[in-house]
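Now, the feature entries from TrEMBL:
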COMPBIAS  688-707  compositional bias 'Low complexity'
COMPBIAS  1035-1046  compositional bias 'Basic residues'
REGION    688-711  region 'Disordered'
REGION    1018-1055  region 'Disordered'
REPEAT    365-390  repeat 'WD'
REPEAT    401-442  repeat 'WD'
REPEAT    549-583  repeat 'WD'
REPEAT    874-908  repeat 'WD'
Amino acid sequence: MPNDSDIKSIMCMSSRSEGSTVPLSRLRWRNAPLHERCSMSDMAKIKEAFQQAYLNKILPGVFRSLLRTLLNVEYDDEEFNILFMKINTSRTGEIDWDELVSNLLLGYFANDPENQRATLQLPIMGLPTLMRSQHRQPVSRICFCPDVAKERTFDRSTDPLQGNYMTVSRDGTINWWSLEMSLLRTAYSSSPHLKVRTTWVTDMVCLPDVNIVVTSSTERDLRFYDCTAKTFTLKIVITSWEYMICTMHYHFYKDPNEQSILICGDAAGSVRALTFSPVERGPFRNKPGRALLQLRHVDLQKRPRLLPELKLTEMPRVHSDWVRQVSFYASLHCVVSCSTCADALLMCDLAASKTHNLFRVDKGIQCFVFDEEAHVLATGGPDCTVRVWNPFVPSKASVTLHGHHAGITALVLQSNGQIVYSLARDRTIKVWDVQGQVCVQTYIDVPSQIGERTPISAVYNPATREFILAAIKLAVLVLDEQLNPQHTDGFTHSRAVARVLYNPLFKVVITCGMDSIIINWDPVTGKRNLLVRDAHTRLLHGELIPVEITSACFDPGHQLLLTGARNGTLKVWNFNTGVCLRNLAIEHMCEVTNCFWVEGRILAVGWNRHVTEFEDTGTSSSGKAWETRHSDDVLAAAARTPLSLATASYNSELIFWKLETGQPYRRFSCTEPMLRIKLQYSKRAASPPAAASGTARRSTSSMMRPSVSVGGGRESLRAAAAVQKARARRVSTVTLPPRAQHMRQLAVHAMLFLTARPCHMRVASLVVSLENGQVQCWSDHPAGGIQGAFQGIHTVGDYVSAFASDVDNDYLFTGTTAGYIKVWLMKNYLRNEKVHVNMPLLRLTFPFLWRDRIEGRAKRCVRDQPLPLLLNSYRAHLRCVTTLAYLDDLRLVLSGSSDYSVRVWRLSGEYLHTLGSFVPWSLDVTRFPPDVRKVASFTTFKVWRGGWVSRFVPGQVAPDLLRDITPLELRTRTFGAPAAEPLLGRHLALPQRPEPQAPPKLDDSLPTIPLYTHLRMASTQPVRRPPTPELVRATRIRREQHRTAPRTHFEESEE
């Protein structure tokens, strides 16, 4: 309901009704949402009122007084009518208790944060990008090495968009990859002691601030390689560790004065930390005479002089099994390690004195991830369970998420820990909503070529949102791809938009998409009122697959919605509640191209080549088929209640039907509009069943052209003469070759009835779009025909794909496949009467009509086409405009496109917003569409700017702006714009008043109150006299000298 939450204003005090217990001093809420004003006590009173009513139902007037008395809410007449119609889903004029509760539940559901977070598309879309790993052995580790800003001394920040990916295989091969996953270079890590047989490399970590790569192997050693200037030189080797090091993690601070930490976990459950100062690369600086430093693990403790820059801290046997993962919690200065044992995860500082939190899980933890800002810790392990913890509460997990069928090997956090991605051993990725504690998506499209029985290593880049999996091959997935505001304003649907409808009764906009989603929008606030997923589905291999919505319309009372799908099904919806009321079908897997709801009947046309009629009040799912007259698929149709129905097919057939009887009365060919085609009627026993084959219909629906026979009667001669006359009227009289005569006819893609025009033989009331870009205007009168045509495009290969008009049919809006929207003046076009056109008013409304220095393509294409007048033309989308709608009361144009968006435009062509956009909603501020502005023409920019264009001409002499200034103004500098207020500046502003002193608090704990202790005394220091200004001092000296100077006799006589 418009103005529901934004107009929560308090009205003046109203009079107290009879029997009301509301005090006179109480103020009423005006147009407040009903679900926000109902409490439990109010619900009990309302239920009692329903129970006391006749048949437990309440009329509108009684319900309005009930809201005023019990809830203290006052509604305007229009707002209350909309509210009552939303509640009264049975459309009986009376509401019961169940309908009221259902409406309140919908209101609560709309305000639910989980519903507001619901997105149209799944977080992981499409198939992963698969590529070769360029390794002979499976990849042991993949990591990201960012570039560090080393030129700044006190800020070593990193950029996730600058750096390289690194992969290492078991045989020691190391590959460097760019951000686009192109191979840069290759190196090899091998033990300097083994000459014949190499050992497996278990892990690798990069030290980007000192340009070092560290590898660990089954030889129980650590190898430090110098990678400066694309080299790969072995620098330090630490051997003879007690157990094999199986996982590592490196952390460094932006401040180089802080110690960098290399954390290692071994196969015995011990955790060790190597700390060093990164100043001048610390222990890895180049020293003359030392190419390679080899030392043992015990030498780091017993002989620290061998490598004094490197300090070892050990935490032995903190786990009873292998350490699976280690990390560093920087905000708490803690080391985090996990293992697949009962003492699953340990969080402690290096000294193990301040923090020591032990998280226990029976089967242990295989992997973990945390968010330091939100303090959220997520873990996964062999028990196939994802747990979300508070790092400060290790006793119990905050959230437990079940659903995997294999052990979890990798985790990713997004949105400050609100979204968790978990990867299992069976290559299944699940997306979890932590706040709702539900599984949002289960992704099973990771191919088995990546490694069916090989452990998968993964890395996540938060900047690009790429999740890279590495084993036998590499796979790249994008997790919840974020939209760039420089490229788009967002999307309305996750697939192409099929229909945009405006409901004048409830004042809402309904959009239907190819993603089988129906959305109810408030056009004033841009709020999504209701979302219906999987509106049409079909059963495939035991799974419900969503089916694309291809058509939609309202009932004559604008209270219900009818949708048609690609599989031949139709559904009737209550679009305020999202409830499906009825299921219909024309033919299995036969697309419904158009559907109409006239008084008492539902009509549907599609690929079955005829019109199917249903009763709007019945319960049957099958309908009655009209006579089959088309020989090809029906692509477009339009209805004019209660007179006629027009249908057009792929092979250019145009047939007019009597809407009352269902009989065709005129037939034309849009490719040859002047050709007279006679309709031949034949008796038929019964209507063909809905499930009949298309070949049977095709045999009875061939186009009956008038035949020319030699021995025919008078009718045959007249028909032949008519055909000859029609051919003589053509512009071209060149005889086509036989091959060209069998070319395909022009298809009709859109049509619209101008319902405000009368049914007259000389009045064009139907507009038809052909695929050659032409728009034909026809009269639906039995004696009518084609009245005229005009070109609706200005680019080659384009054609009109969508029509819309206002209530009075003064304007015709056309959308093309190239993304253009054009507005045509139909007030004076083919009306069979003279109509005055106010051109000054049109120029004020449409800046496109203003004179241009150089005319654009849109104006050049209509130079020889005076009527209809082109009022506007601009680029609205980069892809095809599939549907248009015009809001008469708001003077807004809504355009739906195959680029998944529905955009809102002013009548003048200025862009306002996109439904479902992440940009704040506003109907007052105009903007530029980010995607179209890169390719828009100057004509489009002129329309977007409201007519403003730059008048700069290269080489033109700048005008003299001082030619009108008088010498007096130039001397006194009083020309130009007036000075800004205030003229005297702000120097005369009064100083601020001092803050008032608080009253003293008397100390009454003693027998007598020492008042002198509470008095505010002045300082006892002597007040220093300020120095005398130099000007005052010089004046005093001069006066004193003049007074003491000797006087002459004449000076004394003057006195």
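Just so you know, glycine gets a Cβ as well, placed from its N, Cα and C.
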Interface-richest range of 365-390, 549-583, 874-908 toward the repeat 'WD' (401-442), CB pairs under 8 Å: 365-390
Secondary structure content, the repeat 'WD' (401-442) (per DSSP, counts of residues): 0 helix, 25 strand, 17 coil
Contacting positions for the repeat 'WD' (549-583) when only residues 6+ beyond its ends and CB under 8 Å are counted: 85-86, 89, 91, 102-103, 106, 498-499, 501, 503-506, 508, 510, 512-514, 516, 518, 520, 529-532, 535-536, 538, 589-599, 602, 604, 606, 608, 614, 616, 619, 621, 641
Within the predicted model, mean pLDDT of the repeat 'WD' (549-583): 91
For the repeat 'WD' (365-390), the number of residues DSSP places in helix, strand and coil: 0 helix, 16 strand, 10 coil
